[in-house]
């Protein structure tokens, strides 16, 4: 009888899962398939082909995938390589508190390219991938102008506080914040446009809004009150750097594939006014497959006419960590990071760090997240090319997540509830 095990069956989304099959015909091809249905009803799936051992086993920690969505020994390959059946959909957990992703695992004792009604799996298993650990509390935030969600770990605290920012599509995304809270942070997932009554477009960015959010976070008795950290990806990484430069309560910033200058919008703070570097829409590059490479829109910040838009990283009160995917197809993120570091060091600021990952793309997310190489905002918009190679990108997610946790705990404050 063919059996299938996945350990643990219930886990946080950033944890490893061990998958093993037994009872197969010895030294014969077999297919292991994974699939899930997201909250919008979209199916994401992957499959890998193996040759069973003499004992009729396939252990993903040791077995070599001979084909399918990946090749080689990849214990988490089935999760890393999940792809949408509808092109260009991105897998995003929306209801982080109410339900996990249910990942269905199936085993077939032969090669299955696309399963049909005739293909009946010989063994199945369902694993739960949660984005929040038991005891984490979620609080919608509608305080003054602030719109977002606050996640607090179980216990009395105080916990290190972090503001979490996503990119240029706007809205409110919570899955990284809930995972950070599960690892011991008081985390505010902060929307800043295209959400509820916030501006629909990002035309003017008032840093007072983020200052208000930081003060709100620091006022919570369960939050360490000596300062906060910020983390952002893409446009959120650009804003995280701006907050580090201008807000004194920001003690550490993590900038994931961001820029070193203001692009597209106007940034204001009190009597400060910075005009963003205009996007060069006429330079938009479209690939043979009709995918947009957004990096072609971004003029070089080093040009003399753009010097006033460069963010003064030397003014940051605390350290800055740049995380860069070298195969980023949306931003020239490695160039941006290196220029920021050079500026900082030329002005005597040495606590600016770079972790650069060959083969990784733009959307560096928590471990266990599948590579999103391309996605689109909506059915009427052209798809954006993000880049990345499967193994290199997903390995970078494993490494960068641990570095993010260590960096923020080290510079914002270590909590007794830390699960590192």
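Cβ atoms are placed via backbone N, Cα and C, with glycine included.
Note that this is a predicted model, so its numbers are computed, not measured.
Listed features, source TrEMBL:
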type: ACT_SITE; residues: 234; note: active site, charge relay system
type: ACT_SITE; residues: 328; note: active site, charge relay system
type: ACT_SITE; residues: 362; note: active site, charge relay system
type: DOMAIN; residues: 206-412; note: domain 'BAAT/Acyl-CoA thioester hydrolase C-terminal'
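Looking at residue 328 (active site, charge relay system) and residue 362 (active site, charge relay system), their Cα atoms lie 5 Å from each other. If you measure from the Cα atom of residue 234 (active site, charge relay system) to that of residue 362 (active site, charge relay system), you get 8 Å. Just so you know, the Cβ of residue 362 (active site, charge relay system) picks up 27 other Cβ atoms within 10 Å once every protein chain is counted. Across the domain 'BAAT/Acyl-CoA thioester hydrolase C-terminal' (206-412), the model assigns an average pLDDT of 96.
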